[in-house]
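Q: Quick one: this structure, given as structure tokens, is what I'll be asking you about.
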Amino acid sequence: MKEYLELLWTDYTLQVITLGTAILGATCGMLGSFAVLRKQSLLGDAISHAALPGIALIFLITGTKDSTTLLIGALISGLIGSYWINGIIKRTRLKTDTALGLILSLFFGVGILLLTFIQKMPDANQAGLDKYLFGQAATLVVKDVWIMGVVSVISLIVTLLFWKEIKLFLFDTEFSKTLGFKTNTINFLITSLIVIAIVIGLQTVGVILMSAMLLAPAAAARQWTNKLSVMVSLAAAFGAISGVIGTAISASQNNLSTGPVIVIVAGVFVLISFIFSPSRGLLFKEIQKYQNRNDLKLFKTLTFMHEIAKTHENIEHPHAIKILNNFQGFTKRSLEQLQQREWIKLQNNMWSMTHKGFNAAQDIHLMGEDE
Amino acid sequence: MSSAQLEIQLISVLVAIACAIPGTFLVLRKMAMISDAISHSILPGIVIGFFLTENLNSPLLILLAAFTGVLTVWLVETIQKTGLVKEDTAIGLVFPALFSIGVILIAKNANDVHLDIDAVLLGELAFAPFDRLLINELDLGPKSIWVIGSILFVNVILLFTFYKELKLSTFDKGLAISLGFSPVLLHYGLMSVASVTVVGSFDAVGAILVVALMIAPAASAYLLTDDLKKMLLLSCLIGAMSAIGGYWLANLLDASIAGAITTVLGIIFLMVYLFAPDRGIISVMLKEKQQRKEVLLLTFLLHLQNHDEEKERRVQHLQEHINWQKLKAREILQLAEKNNLITINNAIISLTEKGKSFTQEAISHIVTNKETAIEGLKRDFLLFRG
């Protein structure tokens, strides 16, 4: 770990790579939030697979391994894939899941066919194309990071410019239509941004795991807030941190592709968020469930006492604890808890109801009648 | 054709048919993406199974990996039930995580494991004939044939045994539950079958291309027929045809067989998508155009019926009053005349008896909100469609 930090301080290549994965993580987290909220989580998976034949075709045509050129091919075939998915859903009886699965596997298959065809070509300097399957952050150079930076700034600007429209579109498409927003344009805008984000991530994370890069930070961020702006910023932060930590781990070990490690780190973020988020988290829900159950028990006891106290003119008239013996669900602890809430008073084996307790019991009674 | 070539084709046809059967139900149940998730997340199961058995064709490995597949389905459902994220996000989170674990396991043990990540992704169909099943020195053919053959056999038996239950629970879940079929049991049964099939096929065609073999034949068949039995048969047929076609394409290009099979599947789907009668997009678009024209025709006839005065029924007037383009107006006019709904005298249009009764009935359908009945009406009256 210490070695890594020293390296990060001195090694230029490592700095470039770390910066690259951080930028990528932030961009993907930001745009992934939109995908998650639109319930299009798996679209990213389909598009990233669909980008593969584009990479191979561009290589076949131009013979260059320049990553920018290849990414343009990826962009084109990714866009074709996403429009075909739309066409299938709109024009045929096939459903979204089938359309996604079809495009994903068919495009990927064509990509594999082309890649293996390229590999068998006698003269081509084809080695290295398969880094697009799992991603190799080590192959990032300064130019790639520049491209990532430009793309992320552009998506940030576009997002900020159309913030209101995007927000309304995400949460109430129908309403935004009636307000006269061009929903088709916004839809196109978001989809294009997501496709571009996927394409710039291919070199680092790879075709197969790219979708997780979009989803995981957004899904984690969603647990901590109900506000879109907070969610988008959090997702960007989670994405960037996953990118940095993932790169660190994969750089300090042999033989580890960056993609899978980043995905695992992002997955840990999701897991932590699922469990510990303060309002939606599973832990919180369990605690609340326990508290509710406890409250219910107390209410039951209080109601029972109320029935007894009602029969006396002075409601604070003390009664023996013994008479509660036939009642299920009272314990020494629950009596103490009732006393803590100042609903009853306890005095050597006797209990008496307070006015506060009497009113509380009546409220419970009324609530029961309302239902 | 050498015997190895024959064996490869046989294996790929068996794989295609074995995949097409569960694939049909996955497509109909809108769970196609689950097969994608399963095909990725079985990777850690395969790796761990390979550590234990050191044999890719061992039944233990297949069961272990298939268990990972079912585990995926369970995980997705559990996450979804917490309500923290939607179903598609749950799928999208679970399988990359499991797949990554598999990739890392392979990478960290690269020295002890003769398991190549490319082989898992792409399959090694070309090498399948070399791994032979020998019992007492007797050559019984490639192991893969036996593995995938028995999986296919089980799939077919299960299909015949539970056909009725599967069909009912796919098309009418409510009725199936009320008749006492357990949807959970059927669901997990189908998922187990899908998982076993994916695992059995992966080392022939690779983990990702299995998805193509499951979804593409079923999706193409679904655009061609409404009958479940025909759909099953068609998907098996399409799968088998692509398997053989793909083999020869790969031979021609000297490229991955699995990739070539998928490419052929893609071409078949594209053809069906474009040209399928009734459901292909060309026929859908033509039908939409026809519908639009016939709606105009109806509007035109209603206009005629509403106006007795001659000036509203002059040919030129249509362009001004209903605001139609010249070309469109002429088309509709011709269509109406061809169908003997109107007559034209001195550029004055009047409805014929047939036109009057057609319009009458159409109005009564519109008034009673039975717009669909108009389709039947059109069939009865119109000899020439729009």
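Here, residue 1 is simply the first one shown, and the rest follow in order.
For all residues, glycine too, the Cβ spot is worked out from N, Cα and C.
In case it's useful when we look at the structure, here is the feature table from TrEMBL:
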type	residues	note
TRANSMEM	A:12-35	transmembrane segment
TRANSMEM	A:42-62	transmembrane segment
TRANSMEM	A:68-86	transmembrane segment
TRANSMEM	A:98-118	transmembrane segment
TRANSMEM	A:145-163	transmembrane segment
TRANSMEM	A:184-216	transmembrane segment
TRANSMEM	A:228-249	transmembrane segment
TRANSMEM	A:256-276	transmembrane segment
Q: Test of understanding: applying the rule of at least three C-beta pairs under 8 Å (pairs 6 or more apart in sequence), is the transmembrane segment (A:98-118) touching the transmembrane segment (A:12-35)?
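A: They are not in contact.
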Q: Other than its close neighbours in sequence, what residues sit by the transmembrane segment (A:184-216), given a CB gap under 8 Å and a spacing of at least six beyond its ends?
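A: The answer is 20-21, 24-25, 27-28, 31-32, 34-36, 38, 41-45, 47-49, 51-52, 55, 67, 71, 74-75, 78-79, 82, 108, 111, 131-137, 139-140, 144, 147-148, 151, 155, 158-159, 162, 165-166, 169, 176, 238-239, 242, 257-260, 262-263, 266-267, 269-270.
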Q: Hey, does the transmembrane segment (A:145-163) touch the transmembrane segment (A:42-62), meaning at least 3 C-beta pairs closer than 8 angstroms, sequence gap 6 or more?
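A: Contact criterion not met.
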Q: Going along the chain, which residues at least six beyond the ends of the transmembrane segment (A:228-249) come within the CB cut-off of under 8 Å?
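A: For the transmembrane segment (A:228-249), the list is 4, 8, 17-18, 21-30, 32-33, 37, 137, 159, 167, 170-171, 213, 216-218, 220-222, 256, 258, 261-266, 269.
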Q: Using a cut-off of under 8 Å between C-beta atoms, tell me which stretch among A:68-86, A:145-163, A:256-276 contacts the transmembrane segment (A:98-118) the most.
A: A:68-86
